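Enquirer: Just dropping this structure here.
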Amino acid sequence: MSAIAGIVRFDGQALDRNVLQRMSSILAPYGRDTQNTWQGAGAGLVRTLLRTTPEDAYDRQPVALGDCQLVFAGRLDNRDELIAQLALDERLASQMADSELMAEACQRWDTLALERVEGSYALACWQPQRRRLWLARDVMGGQPLFWHRQSGFLAFASWPKALFCVPGVPRSVDEQSVLEQLALLPMAGCSFKDIQRVNPGEFMLVEGSQLSTHVHRRLGSGPQVRFKHDEDYVEALHEHLQRAVSACLRSSGPVASHLSSGFDSSTVTAYAARQLAHRGERLTAYTAAPREGFAGPVPRDRHGDESKVAAQLAGRFDNIDHVILRSSGQSPLESLEQEIDELDQSPVNPCNTLWMRAIERDAQARGCKVMLTGQMGNMSISYDGYPYMASLWRKGRWLQWWHELCAYQRTHPQWRRRGLVLRTVGASMPGWLWQQIAIRRGEFGGELDQYTAVNLQQLSAGWLQQRAEAKGWDLCYRPWHDGRAMRLAVLGRIDTGSVLASANLRGLEMRDPTCDRRLVEFCLGVPDSQFLRDGQPRWLLRRLMADVLPEEILEGRGKGYQFADWYEGLSADRERLREQLQQLRQHRRAAQLLDLPALEALLENWPEEGWNNMATIQRYRLKLLRGVAMGSFIRYAEPDNR
């Protein structure tokens, strides 16, 4: 993996090489193995490299090829296809880094190359003779890329912190983006003002004073998938998973994986273990668990400790080394400032960063180069098909709807039939009516101020509601009746590029086979009836993994609850929380954007019990923790704003 940066001047002024060196230095921790810069007439490029694939040994960036200077951060997953399409000598191509192969594609097809490549990447291609620059990211957003433009120049970088090395680039908070992030609106912009993000699946073209944005791939554009027999869908999913996992196993060192008690990480781990076994290699599988003896309350239908079930899966493979990392009572606040500095943004889930970083540090100590996850599996391989019932109701297919609803209730006796009816019919209700039902039932989807720390003046202005409507986002959180639209909305909601790439700081590359574009498009094209059948959610994956996963996973009625003892560490750290809220009180911008009185009231009315209650979770794990995290980011971005 690499971090990239660069500056292109369009006004004829000379470029200060010291600026490039500063950008390289600040990006070096993300690419510890080697750093390189290139400077030409009015342009400069930077690349820092973390070697994670065998071909990275041949990486020499920036790549100069014809009228093309390219810097590339990422991984190509269809190398063989590209080599064949480019008619390259296979022996010579085997010693080409992904960056060089990408440069060959750009030289041959220009921006149309983006329609031919698969993988996780961000790139910049400078064409000096044409004075033309283009920036691009893959459609799944696996690698981050930001840019800033002023009269006379454009600067870009994998991380905003590198852009602040450029004289004249301001460092201040983008209020609109911060408020949208707090309200959990989809695809909020960069948290820094006047710094833009290259969106997944897009490329930005700059020619002189002209700047334009284009879509090279749009998720959800794949065909419908229709087979004659049910088993054909299972076989097709197997083939896609085999290919996706295989692509993620191209590593220059040992491979590790996340392993919970859920379908996604278990499936990824099982597929990876089988493929590595054929190569005589081992897999280190990590499970995060609460402290020993934890018996505290967890939400209904959730499992607080996933380690025992995960161990059953690990025990089925001779080449899996299972590592259980237990909570040490750490507070989510302890590493908050470091996390913000690494991400250049506020973490969406401050609780999760603790166990994720603990796993990354242990994997680093063991020399691992790749960490496999299944983060997007819920929207691809293990989609539960639940909206199918609502779609049957909406289409007037009431007999089939009733059959599926009753079957679901039989296989999930913890669900009352009335609740199932409400959730399937609720997808067709007016938003205001569903919101009232959600509030009465204590479900997510009440008023914004119940789960976000947005300043009340900002809420009362109605601006966020207008932004949500413009983005097509339902703040009432009604159930979905269109499973495909739901998955596309979730997949495009949050840009995860920075979160994934931050693992580079610990010498790791995060890879998610369930986020493979071709696999995702296949799953989006499969009819919902393959995902929900006779009351069995995830029916497609259950059939595929029936002889692989333990019964406890296949028949599990609930989900794991990661970092289940989060409230213990936070409760013991209330003095630090009090100090942070006092600091935010003294910060003008934080007080302007955050509902600090509400956060202070939560601190003063700390519950002694009820931590499994959804309302308590919304107020403390979502509103309070995310609010304090965003406040810490605001102070990070504007340290002297008083």
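From the backbone N, Cα and C atoms, a Cβ is placed for every residue, glycine too.
Residues or ranges marked as domain 'Glutamine amidotransferase type-2' in TrEMBL: 2-209. Annotation comment: TrEMBL describes D98 as L-glutamine binding site. The annotation coiled coil is assigned in TrEMBL to 567-594.
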Enquirer: Just to be sure I understand the packing, how many Cβ atoms besides its own are within 10 Å of the Cβ of the residue listed as 'L-glutamine binding site'?
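Expert: Total other Cβ atoms inside 10 Å, all chains included: 25.
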Enquirer: What is the pLDDT of the domain 'Glutamine amidotransferase type-2' (2-209) when averaged and given as a whole number?
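Expert: Its mean pLDDT is 95.
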Enquirer: For D98 (L-glutamine binding site), which DSSP three-state class applies?
Expert: helix
